[in-house]
Every structure is written in C-alpha cells, then in structure tokens.
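Single-structure report; data block below.
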Amino acid sequence: LDAVLGGGGWDVGGTFEGPPPPTGPIRLGKNACYVVLAVLFNEEDGVLLVQEAKPECRGKWYLPAGRMEPGESIVAAMRREVKEETGLECEALTLLALEERGPAWIRFAFLARPTGGTLKTLEEADAESLQAMWWPSDPCALPLRALDILPLLDLAARYRRSPPHPPMLPQELPCALLCLRLLLAFDNDAGDLWVLLGTAGTPHLPVVACGTSPAELRGGLRLPVLRLLRDCLPPDPHPGPLGLLGLQHRAGGAGGGDGVCFNVLLSIPPSSPGAAPPEPHSPAFRWWRVEEESLRGCILQRLRAAATVPI
C-alpha cells in the first residue's frame, strides 16, 4: 500500500484475478498503440504549440504528440516527440491524464518543462511539423487540429496553480500484459475504511488483466474491473471514478512485451450510514480493515480529494 500510494510499483507476476489473461504479450504496433502528448509553458505562461505537417491536418495547430515506438520508455517517447516537433529539449514533471479507448489506444498526457534547444521555425519545416511557437492567448483563436487538447490545457493550468495530486511518472518495471492493480476501498461516514485483498498466496491488492478480443478492446480499462467486481461482490457494484496512483512499464519486458500495469484507486459507495463493506462471494477475496492511522488518512485523503491522475 505504501508503494502504491507513493507512485511506485513492483513485479506483477503471473497470477491474475478474474478470467485467464491473454496468452501472448502486448506488443506495440501489433495489438496496442501508445500515444504520448506534452503540455509545456514558458515563463510568460505561453503554451508550446506545433503547426502540423501531415496532409490531413496541414497548417493546423496542436500540442506536441505522437506514437511511441517499440523499445522506448514512455517518458523517452514524450521527450523525442517534443524534440522532433518543436526543436526543444524537455523534462517530464508529472503525468496529467491517461486517456484510453480500450487497450488498443492509450494516450499518456504529461506536464513538462523546457530545458534547452531552439524553437523550430518555418525554415526548418519537415515531415514532423512545420514550426512551433509559444502561444500566449486562448488556443481557440487558432485553427486547431482537434479540440481534445482543451481539457488537457485546463488540467495543466490547474496543476500549476494548485497540484491536486503528487507528481507521478512511470516506473521502469517490466510488465508483459496490460493490467490494473486495484486499490479498491470502502469507507463510511464514521471514518471506517476497508481495502479489498486477493487471498491466493500472500494477501495482495487484486490485479486484473485486459484481454485483446474485439469486445474487450472496445470495453476499455473499466471492463476487467467491472467484471471482477460483478464476480466477487453483491449486488452489482457501481464503483466511483477510476483514478491513477501510478504505472509501470519497461520497453521490451518479459517475452518482448510492452505491457503496462496501472495502479488504480476506486471506491465502492456505502449503502447506508455506518455500513460495512459487502461480503465477497468468493473466498479468493476478503476485506481488510485499515487501522493504522497514517495509512488510513492517506487513503481517505486520496479518495475524498480525488487526488489521483484522471483516467
């Protein structure tokens, strides 16, 4: 729990809760696509934008972004895309948001800061971008490639004013599959708190794997979570919003896999004041009551302040 709440991770292993995981690893360019995006500001609060060179959106403006390549770490891919599209070097500060359309498309949006380089000009236009600039005004005044960057700019501005969560960056740890390690909490108005544990072997936070069938790809990261909860808790539970506490990835992990393990915080709302958590259907799970005061306070603070990276 300390590791998860601190943004860390550890070996995923080969045991998962719920249905059997896919037999083969996740591989970029085959059954997964990871995209990186960066929000950077200068000292005058201008945001770094790039003018697109691709034929389908040539001349329009967007944040620096692009696909990860096999063999790259997530942060290295972000830094490469910023360098190629803007000419600037940068340092990642925190993950701002995780956007997903199922395991086949996941975008990692970062807040970063410039550390060097020279802004790309029209004379240096290439296939990556036409030019880059620091834009000091409302981005909607420009012809944008898409409006999906506006919520990310809002998140970045709010983070700079008052960070809602600690800085969070990917941990360099291998993972063959795409999976979620769940910190599933239940708390009531009396301040009592329980965490769901898997009981196979050493008690542990449950880990569920995402499948790669067409239906599972469409269902997104939420599908394996809901499937697990339906199998183990009565009645059909309605968890609170997913929030990211951390993630781990290492390029070319076990079996050549490019999987990611996401540490996810979510909660089950109580059915009545002072309620205890619903009894699991399966002996493979049990609720553990958190008595240690500092740990309990840390989990409750993350829950009640939504102090996680939004998914």
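The backbone N, Cα and C atoms fix where each Cβ goes, and this holds for glycine too.
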*If you check TrEMBL, which stretch out of 1-23, 277-299 is marked region 'Disordered'?*
1-23
*What are the DSSP helix, strand and coil residue counts for the compositional bias 'Gly residues' (1-16)?*
4 helix, 0 strand, 12 coil
